[in-house]
Amino acid sequence: MSTRVGAVVPAAGRGERLGGGTPKALRPLAGRPMLLRAVETLLASAHVTQVVVAAPPTLVDVVGQILGPGVCVVPGGGERVDSVRTALDALDDDIGVVLVHDAARPLTPATLVDAVATAVLAGHPAVIPVLPVTDTVKEIDADGRVVRTPRRDMLRAVQTPQGFRRDILRTAYANRDLPVTDDAGLVEALGVPVTTIPGAEEAFKVTRPVDLVLAEALLADSLARDGQR
Ligand SMILES: Nc1ccn([C@@H]2O[C@H](COP(=O)(O)OP(=O)(O)OP(=O)(O)O)[C@@H](O)[C@H]2O)c(=O)n1
Ligand SMILES: C[C@](O)(CO)[C@H](O)COP(=O)(O)O
């Protein structure tokens, strides 16, 4: 396996749960687009040598100008899996390890990127960052009645970046029609073991308006702390 690490960034979502008109990846956080923050974090990792971004199809040129010449930008697709698939195809042939990272996780620390890459390079074929679940989770039926309460201590909330041996992710994407909501779900379907590592609180996904408020507040707090140093 080549040890060269590349990253793909699905950034073509509409951001319907966030609302607000502007495509979510381009929404500013403390004045700079979320996508730019996510890409800079990937590039800050000593491991990542190529970044491919899947942008909203009508905004490929705009996104290219925001990110600059060092980042490859391709048109995303209708679903997240379509965007990831197109970006995977644009990676250099000698990339052996792939990190898939949501543009919508703009405050992810570079240390988490390094931890995921390091674990794949150490021999784990698939690695995902996770956090313990803090709410009790219920499984319900179509009528909203509770069917079951899974044991919370065995549940984890999953973040990105998710890291994979490239050959395995390529094979997994042959089954991308499966009803999964993350890349690791496709790899699990192959029977390949997926390893979890501790995630980071700041790597939360900006999904709803309250997440944007939280992200702005965290950035303001960290800027204020820097000013005090
Ligand atoms: N067709 C799509 C859908 C999603 N994404 C990307 O996948 C990541 C995670 O998706 P999510 O946060 O759910 O974003 P949206 O699909 O934009 O959100 P919503 O479901 O609220 O519209 C985001 O970086 C998003 O841009 C993508 O590249 N292409
Ligand atoms: C990949 C992901 O971010 C892991 O938590 C998540 O599953 C994406 O799901 P979404 O419905 O597109 O937000």
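Backbone N, Cα and C atoms are what each Cβ position is placed from, and that goes for glycine too.
Quick look at what TrEMBL lists:
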type: REGION; residues: 1-23; note: region 'Disordered'
type: SITE; residues: ARG17; note: site 'Transition state stabilizer'
type: SITE; residues: LYS24; note: site 'Transition state stabilizer'
type: SITE; residues: ARG152; note: site 'Positions MEP for the nucleophilic attack'
type: SITE; residues: LYS205; note: site 'Positions MEP for the nucleophilic attack'
DSSP state at ARG17 (site 'Transition state stabilizer'), helix/strand/coil: coil
Recorded sites compared (ARG17, LYS24, ARG152, LYS205) - highest count of Cβ atoms within 10 Å: LYS24
Alpha-carbon spacing, ARG17 (site 'Transition state stabilizer') to ARG152 (site 'Positions MEP for the nucleophilic attack'), which is rounded to whole Å: 26
Residues among the recorded sites ARG17, LYS24, ARG152 that border ligand 1 - Cβ under 6 angstroms, in sequence order: ARG17, LYS24
Rounded distance in angstrom between the Cα atoms of LYS24 (site 'Transition state stabilizer') and LYS205 (site 'Positions MEP for the nucleophilic attack'): 11
For the region 'Disordered' (1-23), the number of residues DSSP places in helix, strand and coil: 0 helix, 6 strand, 17 coil
Distance [Cα-Cα, Å, rounded] between ARG152 (site 'Positions MEP for the nucleophilic attack') and LYS205 (site 'Positions MEP for the nucleophilic attack'): 21
